[in-house]
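Annotation comment: TrEMBL describes Cys73, Cys77, Cys80 as [4Fe-4S] cluster binding site. Taken from TrEMBL, the feature S-adenosyl-L-methionine binding site covers Phe79, Glu185. Feature annotation from TrEMBL assigns domain 'Radical SAM core' to 59-292.
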Amino acid sequence: MSTLVTSSTDQRMAKIIEKVQNGQRLDLEDGVYLYESDDILTIGQLANEVNLRKNGKKVYFIENMSLYFTNVCESRCAFCNFRKDAGDEGAYTLSAEEMIAYVDQHIHPGVREFHIVGGHNQHVPFQYYVDSLRALHEKYPDVTLKAYTAAEIDFFTRISGLSIAEVLRQLMDAGLQTLTGGGAEILSDQYREKMHVDKANVDRYLEVHRVAHQLGLKTHTTMLYGSIESHEDRVRHMLQIRDLQDETNGFMVFIPLSMQPKSKSADIRRRNSAFEDLKTIAISRLMLDNIQHIKAYFINIGTQLTQMALTFGASDAHGTIVKERISHAAGALTPEGLTRAELTWLIKGAGRIPVERDTFYNEIKVYE
């Protein structure tokens, strides 16, 4: 560890530094203290040192494409501007043929992953979601299908009457290879009630990922921060993810998602500060010692802050995406996607080594 980190005169911070240096886990009180500290440089450098031990100077990205099969949704999350009711202006549900046509029009060479999510549309049967995956898999067999959140899987169990495992097995048979991380929001049922998150509760979100891991799927997980939750809520969220990772070792990456301000909730009126975004990425790296990667999601925090985050504990700069919609519907002012050249430039500008990866962090090309 560097002299700057070890020379902290803050006794509580010094104890946290000592714990990290000695490989001891941080607890709830440590995480809350880090959030309440103004010593962003020490927190950032400590997270950077941890990341360098785990991943060296490599920063990963993927050539991917986002697909949104429907925006019709029975849930009414207070922070979502993407959802529509059936019959609303702009509401849509793509058939498998329409989805294929959309991909044919927008896909670019080198895409390795489809990121597939959408609304909880009760007007179509579970088989629709299965058939949509199968059609994509048959047309693009070499592209990994990263599809559906844990909340969507829970929704599928309700409309089908099947168990979590049965739903996942049918989707896996159709081509599903990993779950997306969304739907976690903040893992607090009190928060979910206040924010009208009328979808999978905390236990159910975690159980979907647990079952997915038991079936051999590696998955992603997120935290949507910046509204009514407390610092303690955020740290408890991380600890629940850490506990499940201890049990299953199935999470590949943790993705902090900065709340966007264009929301139906009166409690979300401004963007998170850069200070808060960087601190959250750094604290995620320090708390989640058993997850290999922390992602800096440029869609939510912008390209310049993403570049800075690579020295605050992040080891993943996400991917090319191609036409992101959900965060932009909520007010994101960032690019809807980046090219490979833009991503490698961004990563090299932070003094890091860009590594193109597949969905499972297998290295495709290192850009020295």
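Cβ from N, Cα, C; glycine included.
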Problem set entry | Taken over the domain 'Radical SAM core' (59-292), the model's mean pLDDT | 94
Exercise. In the same chain, outside Cys73, Cys77, Cys80, whose C-beta lies within 8 angstroms of the Cβ mean position for the [4Fe-4S] cluster site?
Worked result: Ser75, Arg76, Phe79, Phe82, Arg83, Gly119
Seminar exercise, completed: Between the C-alpha atoms of Cys80 ([4Fe-4S] cluster binding site) and Glu185 (S-adenosyl-L-methionine binding site), the distance in angstrom, to the nearest integer, is 11
Exercise. At the Cα level, what's the spacing in Å between Phe79 (S-adenosyl-L-methionine binding site) and Cys73 ([4Fe-4S] cluster binding site), rounded?
Worked result: 14
Exercise. Using Cα coordinates, what distance in whole Å links Cys77 ([4Fe-4S] cluster binding site) and Glu185 (S-adenosyl-L-methionine binding site)?
Worked result: 10
Exercise. Between Glu185 (S-adenosyl-L-methionine binding site) and Cys73 ([4Fe-4S] cluster binding site), what is the CA-CA distance rounded to a whole number of Å?
Worked result: 17
For this session: Compile a sequence-ordered list of residues in the same chain as Cys73 ([4Fe-4S] cluster binding site), six or more apart from it, whose Cβ lies below 8 A from its Cβ; state 'none' when nothing qualifies.
Result: Cys80, Phe82, Arg83, Lys84, Gly118, Gly119, His120, Asn121
Seminar exercise, completed: One finds that other Cβ atoms within 10 Å of the Cβ of Phe79 (S-adenosyl-L-methionine binding site) number exactly 23
For this session: Name the secondary structure element type, per DSSP in three states, that contains Cys77 ([4Fe-4S] cluster binding site).
Result: coil
